[in-house]
């Protein structure tokens with residue numbers, strides 16, 4: 001027994017060391033910084049980058065010369081500031097930022113660089129982490145967005161390129177087989193010789209960026225690749241959701257779970273591996289974004305985010321500014337909101353130029369029930385066949401199946417988790433359902449513990465396995481590791497501690513023992529149902545508990561809340577089937593498989609990226625802001641029962657398990673791809689509008705905005721950040737009365753009369769002028785919304801404006817207002 005206690009102590013110690021290793025940002029010997037220069041705009045903000053028609057041309061002679069000039073300027077700053085051999089320049093960013101990433105030897109060199117007159121700011125490299133068979137049907141694509149204007153799935157996203165920044169790709173996956181794909185016109189990227197085998201027409205380019213993670217001594221070549229090959233599975237999964245081929249069979253562990261299709265199966269895929277199995281770094285992410293814009297991607301799908309909280313003005317960090325210039329360069333940027341929910345102010349995506357995507361459930365669920373001999377039924381997690389014959393089998397608890405010497409030679413609590421078969425009497429377990437405890441204490445995590453229990457049950461010839469968690473804290477029930485995973489024997493994982501205790505009580509009641517507590521008769525019984533066939537009855541969509549929530553700070557130093565509504569939109573992100581790489585080990589039970597079921601806003605974002613590709617194909621002249629607007633104004637706020645969307649632990653009251661959601665949970669609502677194809681009106685925004693927005697933020701001024709973006713603040717007295725022409729109105733601090741202006745443009749072919757319906761937030765009076773207008777195709781109309789404080793709420797309340805069109809269009813604008821004081 002002592003030997004096993006010692007073994008557990010070593011395991012726990014190793015787990016602690018691994019935790020410390022993964023939470024330490026980087027060693028003192030590997031200091032990497034992002035240095036932004038001032039005085040010269042990045043290429044995408046410079047006149048040299050635009051042709052005579054005013055379109056961005058990053059490959060013209062003037063563009064290439066200017067890019068080379070910026071790169072040489074970076075070299076000059078380093079050479080003038082630091083000793084030769086005391087630094088290593090990792091990247092020059094010239095397209096979206098005038099900046100470079102550099103590895104230094106000691107922190108004092110940062111102070112030296114700061115003294116150089118060309119240096120605007122220095123930012124320490126940040127750690128970044130990774131933030132379907134049915135969802136096309138749930139989203140109504142087959143009868144809607146795929147068929148708009150007499151189209152079909154054969155046209156879905158055709159001609160668009162979606163760039164995915166993630167962990168790379170498995171190029172052999174059937175979701176990306178070529179099927180005669182040709183390169184889109186005007187595609188500028190060329191596959192590097194080192195990854196030419198990846199580029200098959202469906203995949204148009206594959207690149208990887210690893211200088212930052214290598215400089216951080218965080219790259220592990222034993223299980224990942226310094227190439228675009230996906231050593232994790234996450235990138236293959238997200239890519240297949242966005243643009244995976246149509247109707248690819250999902251075969252896992254010998255069972256067919258259906259046919260998978262991406263949102264835009266005819267779109268092409270550009271791969272940018274910027275993150276690895278253990279995470280990644282901002283320096284590599286910025287390099288990937290910079291290159292993606294040079295290559296000419298139409299849409300960027302980003303399912304990753306910083307592990308550190310935003311500081312200062314979040315909208316001015318290097319990541320968000322780079323994405324602002326990506327938008328200026330013509331790319332629509334879709335970003336995962338983050339998996340830090342359900343508490344408020346947990347967003348990992350900030351800029352109003354981004355589409356920040358939260359995650360929901362769907363109406364599909366995989367129930368893994370166990371039915372006891374007394375007919376009580378409990379729902380567990382897992383994907384497995386049922387016990388043979390649909391009949392009852394005797395239950396045996398692990399602690400009642402030990403060999404005679406077990407109590408003297410083994411730690412019985414430890415072996416109640418069934419880590420291996422050596423402590424058990426096979427003759428007792430054979431033909432029964434084995435009950436094992438669960439407690440995630442091992443270095444391999446929950447997946448390892450479950451797999452060990454399955455192996456033990458198989459080794460002992462158990463007919464099935466029942467994993468219970470009687471000692472689990474309620475907070476542990478919500479861990480993403482509890483997504484259903486395939487089990488190789490009939491098995492179910494009961495994650496609810498209360499249900500686990502009821503099962504144990506039932507077992508003990510019907511188990512007969514002698515005076516020495518030894519079992520004389522196993523009278524408790526159960527049978528496990530087949531859990532591989534889903535049901536489609538759940539109320540959905542519901543905001544997933546992990547999905548990050550708004551609002552977002554305008555300035556973290558002052559704790560002032562911004563006038564930007566986040567998240568923007570919701571999409572399916574819970575229990576999503578997607579492509580997988582056989583070498584991936586991070587998803588429980590999917591090692592060696594080509595598909596896996598995962599949850600996260602990482603899965604939600606590529607749904608929106610793919611749907612945006614459908615819009616891009618259908619409306620090639622629309623701006624990216626117009627596409628963003630169309631998605632938001634047509635989003636739904638009701639579920640499949642016709643009720644308002646609910647959230648798991650809503651941000652307004654996280655103490656309840658489920659309740660009514662607010663716009664800080666769902667943004668504008670759940671995506672409606674078909675309605676977005678014909679929104680009626682759109683809210684357009686230009687680059688200078690975003691610059692003007694930045695200039696109004698607390699803690700920002702003309703100098704800081706110019707240093708961060710190269711943009712010039714226009715002198716417009718009275719401007720507020722709430723004046724940015726977004727399809728929503730958010731006021732983080734309403735004092736008295738505020739007038740907010742908006743402009744809309746008709747994209748309908750017919751003249752249409754619109755009349756507004758006002759649903760005022762509690763404690764706020766809302767007036768709209770004009771309340772009605774008629775607009776023709778391409779015509780712009782402006783209106784003014786007056787918000788007046790009637791009651792100081794000291795918290796956000798919510799409402800909406802509905803512009804009801806005479807031709808059937810409904811344009812919805814969420815209102816989120818925090819009224820601080822009564823008006824005079």
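Heads up, the Cβ atoms here are built off N, Cα and C, so glycines get one too.
Per TrEMBL, these features apply:
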SIGNAL    1-28  signal peptide
DOMAIN    32-127  domain 'Inhibitor I9'
DOMAIN    157-638  domain 'Peptidase S8/S53'
ACT_SITE  166  active site, charge relay system
ACT_SITE  234  active site, charge relay system
ACT_SITE  602  active site, charge relay system
DOMAIN    723-817  domain 'Subtilisin-like protease fibronectin type-III'
(request) For residue 602 (active site, charge relay system), list the number of other Cβ atoms lying within 10 Å of its Cβ atom. (result) 30
(message) Taking only same-chain residues 6+ apart in sequence, whose CB is under 8 Å from that of residue 234 (active site, charge relay system), what do you get?
(response) 130, 166, 167, 275, 303, 584, 586, 598, 602
(request) Quick one: give me the count of other CB atoms within 10 A of the CB of residue 166 (active site, charge relay system). (result) 28
(message) I'd like the per-state residue tally for the domain 'Subtilisin-like protease fibronectin type-III' (723-817) from DSSP, helix first, then strand, then coil.
(response) 1 helix, 63 strand, 31 coil
(message) From the DSSP assignment alone, can you count helix, strand and coil residues within the domain 'Inhibitor I9' (32-127)?
(response) 34 helix, 28 strand, 34 coil
(message) Could you tell me the mean pLDDT the prediction assigns to the domain 'Inhibitor I9' (32-127)?
(response) 92
